[in-house]
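Undergrad: From TrEMBL, here are the annotated features:
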REGION    1-127  region 'Disordered'
DOMAIN    232-270  domain 'Zinc finger Sec23/Sec24-type'
DOMAIN    309-552  domain 'Sec23/Sec24 trunk'
DOMAIN    558-642  domain 'Sec23/Sec24 beta-sandwich'
DOMAIN    654-753  domain 'Sec23/Sec24 helical'
DOMAIN    774-845  domain 'Gelsolin-like'
Amino acid sequence: MQINSYGVGVTPQSQAPPGPQSAGSFQGPPQPPQPSILQPGSQVPPPPPTALNGPGPTPLNAQYQPPPPAGQTLGAGYPPQQATSYGPQMGGAQLSYPGGFPGGPAQMAGPPPQLQRKLDPDSIPSPIQVIENDRATRGGQVYTTNTRGQVPPLVTTDCMIQDQAILHITANETKSGHSSPRYIRCTTYCFPCTSDMAKQAQIPLAAVIKPFADIPSNETPLYLVNHGESGPVRCNRCKAYMCPFMQFIEGGRRYQCAFCNCVNEVPPFYFQHLDHIGRRVDHYEKPELSLGSYEYVATLDYCRKNKPPNPPAFIFMIDVSYSNIKNGLVKLICEELKTVLQRLPKEEHEETSAIRVGFITYNKVLHFFNVKSNLAQPQMMVVTDVSEVFVPLLDGFLVNYQESQSVIHNLLDQIPEMFADSNENETVFAPVIQAGMEALKAAECPGKLFIFHSSLPTAEAPGKLKNRDDKKLLNTDKEKILFQPQTAVYESLAKDCVANSCSVTLFLFPSQYVDVASLGLVPLLTGGTLYKYNVFRVNLDSQQFLNDLRNDIEKKIGFDAIMRVRTSTGFRATDFFGGIFMNNTTDVEMAAIDCDKAVTVEFKHDDKLSEDAGALIQCAVLYTTIGGQRRLRIHNLALNCSTQLADLYKSCETDALINFFAKSAFKAVLNQPLKVIREILVNQTAHMLACYRKHCASPSAASQLILPDSMKVLPVYMNCLLKNSVLLSRPEISPDERAYQRQLVMTMGVADTQLFFYPQLLPIHTLDVKSTGMPAAVRCSESRLSEEGMFLLANGLNMFLWLGVSSPPDLIQGIFNVPSFAHINTDMTSLPEVGSPPSQQLRMIMNNIQHKKPYSMKLIIVKQREQREMVFRQFLVEDKGLYGGSSYVDFLCCVHKEICQLLN
């Protein structure tokens with residue numbers, strides 16, 4: 001497992017002047033240009049305790065105590081029962097873990113005496129400052145992808161990205177054909193030349209690939225290349241697709257593959273002459289020769305059974321058990337489907353969607369509906385044998401929405417009435433998925449199941465589950481069981497779904513334990529999405545659900561997908577993390593993949609890499625479009641390689657590192673104790689930073705903590721990951737919530753993990769109503785709040801509006817349309833329509849934060865000093881956790897001690 005930190009500092013590496021950098025070349029002692037040095041002693045006295053803060057988090061380690069005896073936790077003052085909190089109890093154990101490393105020292109030394117003084121939190125690296133610095137230097141600009149190994153702007157920086165070639169080329173330097181960072185981001189853009197260097201630095205070499213990422217309207221969509229029946233040009237040996245890295249020789253009659261060095265004949269239809277510098281004269285006319293990303297139309301060889309695929313189908317499956325009928329959920333779903341079915345996705349040039357639709361309702365049995373266009377009324381067929389599910393009708397089950405609209409609307413009106421008198425509260429679940437999959441299989445088309453479900457499936461059927469919510473497992477080696485599915489049925493079902501191109505998206509509405517670890521497995525492994533609405537109230541929570549449903553139906557998606565990641569010689573892809581299924585070590589299979597899903601890929605050396613040739617990556621995704629066309633989507637990226645460790649550190653991207661560490665840790669929770677995983681993360685953080693200190697930084701006193709410029713905020717982000725409820729159990733967080741968060745993170749891209757682990761905290765009381773910009777964010781710490789203030793906190797799942805007890809009455813009136821703090825109703829989940837300037841501006845800010853996020857964020861109103869504030873405080877990630885987990889300052893000191901120990 002491996003870790004990293006924030007992209008680039010004030011001077012982006014791609015624009016940095018030559019010469020020694022924060023990890024400069026090894027000519028003589030390197031001169032780091034302003035590495036982040038944490039000086040001992042505080043320059044500014046810490047803020048005094050206030051009524052708001054109480055004693056508050058210890059000001060940056062005011063009394064740093066010697067290490068605790070074995071078995072106790074890191075840092076002073078943790079309750080003894082939190083002995084599993086991460087920390088330095090390595091005991092010299094040899095940990096086996098993907099990308100792991102040998103155990104650290106048995107005991108950490110006490111802190112250097114200087115660190116026992118007070119440290120000012122403002123003197124340690126700030127994520128907010130790093131984000132703002134990058135925005136200041138690179139925001140609003142055009143970032144062109146034509147230089148190998150350049151570090152892109154941070155995910156938090158808005159800029160326009162151009163995938164373009166340039167007219168001048170120099171020897172041994174690729175000047176065209178690099179995929180946009182919207183599609184691929186790397187943990188480092190410079191790979192070490194040898195595996196020994198990689199082991200020394202312990203920086204994971206990984207790429208986070210989002211093949212269908214949404215791109216803004218001002219950026220060029222991917223070009224579609226069509227070679228007719230000839231199909232894409234590929235290397236005969238390694239099967240890599242034609243791309244800008246291929247070298248044409250012998251007057252254009254042959255080309256040398258950049259991935260395996262094989263020399264191939266150029267097919268006659270593809271021949272073109274070369275110019276005076278050995279490049280094809282049609283270089284700039286062909287996307288596959290000049291651009292980093294493009295698509296091919298696939299031939300029949302790439303299709304199942306060598307025949308064109310049918311357009312996909314959507315099947316809507318509604319749990320009509322007693323509670324869902326009584327609380328109005330079924331009626332809400334049926335009403336909304338009438339609207340969203342008119343917005344089914346379609347190909348750009350088509351007037352109507354090619355997607356067919358079908359409907360099933362269920363409780364203990366399944367009800368299929370015939371909605372053929374020539375029927376006066378929909379017809380229902382009941383399947384009672386849920387142990388061997390079959391599809392009772394083919395003709396009339398999957399239909400074109402436009403043709404059958406009146407019958408479908410008739411059905412959606414009838415469903416709530418049809419089951420109004422049902423008292424059936426038991427449900428099945430696995431047979432529902434089986435039924436949908438069998439229907440798609442019979443229709444010979446790929447598709448997606450939309451399942452609306454709310455309870456533990458306890459009815460007698462395959463996949464029946466029992467309640468296993470056991471608090472006694474917390475903080476034991478058996479805690480991992482809570483993340484594993486209860487039965488093998490769901491994994492086997494997921495495998496069948498992928499084989500039949502059936503993706504499953506699940507909308508869960510639990511009022512109690514439903515075993516998310518089991519129910520969520522099929523959505524995870526089939527490229528679907530899991531949405532969860534706890535204790536759903538139709539009158540308050542409908543909008544969040546409806547937004548999610550609309551977004552999910554309309555989003556860009558590919559079906560029946562297979563992804564292959566090819567690399568040039570010297571390294572290879574070894575591990576894959578995401579909502580994927582793998583039957584072998586190379587083919588990543590996905591029943592569907594949409595614009596929000598990312599796959600994180602780890603690479604390892606199998607030979608030496610060359611500084612001249614660099615490291616080449618090609619990601620190819622074969623998929624079926626919503627219109628039923630088979631295509632290949634290709635993303636290419638070339639990275640630098642170096643024999644200098646300093647170059648490796650200079651090119652790191654912390655956000656991508658945290659994405660990798662989170663996914664590798666969350667994958668590991670299935671079979672390793674959480675305590676071991678936390679210790680690995682702490683140790684690897686220290687290893688990476690100790691290697692930088694030893695090999696790249698100029699000599700300095702041991703009391704100074706020196707961080708590479710690109711990793712300034714690695715410690716704070718790593719601490720956020722360590723404190724996440726997946727890795728650190730808390731009594732108030734249910735196993736279902738932990739399993740849910742684990743599953744979400746496994747498919748997240750870099751921008752989503754960045755916001756999830758370090759939320760955005762914005763002051764609202766200082767808004768300038770004349771401004772249209774976003775307010776400047778503040779650090780996620782209680783010390784940044786004020787009784788007179790209002791703050792908005794967003795993490796991608798929720799938005800909290802925190803109100804200080806002395807919030808300005810005029811602001812309260814302007815936003816809530818009530819006269820005072822006491823009058824604010826905290827049950828509301830959306831702001832009232834007031835129309836005042838503060839209200840309009842707050843809405844604009846919330847819309848900006850929500851824009852293009854995968855999940856509709858629920859608004860939660862939090863009043864200072866009320867019960868709900870405890871939930872809000874767990875997102876103030878720089879502070880000490882309420883149930884364990886260090887403050888940022890304490891963690892920094894812990895890492896520093898471990899670095900000192902490693903260097904000694």
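Yeah, the Cβs are placed from backbone N, Cα and C, and that goes for glycine too.
Locate each feature and note its surroundings.
TA: Here the domain 'Zinc finger Sec23/Sec24-type' (232-270) returns a mean pLDDT of 97 for the predicted model.
Helix, strand and coil counts under DSSP for the domain 'Gelsolin-like' (774-845) come to 23 helix, 12 strand, 37 coil.
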Undergrad: Would you call the domain 'Zinc finger Sec23/Sec24-type' (232-270) and the domain 'Gelsolin-like' (774-845) in contact, using three or more Cβ pairs under 8 Å, pairs 6 or more apart in sequence?
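TA: They do not touch: fewer than three Cβ pairs between the two stretches lie under 8 Å.
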Undergrad: May I have the DSSP-based helix, strand and coil counts for the residues of the domain 'Zinc finger Sec23/Sec24-type' (232-270)?
TA: 6 helix, 11 strand, 22 coil
Undergrad: Mind tallying the domain 'Sec23/Sec24 helical' (654-753) by DSSP state, helix then strand then coil?
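TA: Summed by class, the stretch gives 66 helix, 3 strand, 31 coil.
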Undergrad: Going by DSSP assignments with H, G and I as helix and E and B as strand, what are the residue counts for the domain 'Sec23/Sec24 beta-sandwich' (558-642)?
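TA: Across the domain 'Sec23/Sec24 beta-sandwich' (558-642), DSSP assigns the residues as follows: 0 helix, 55 strand, 30 coil.
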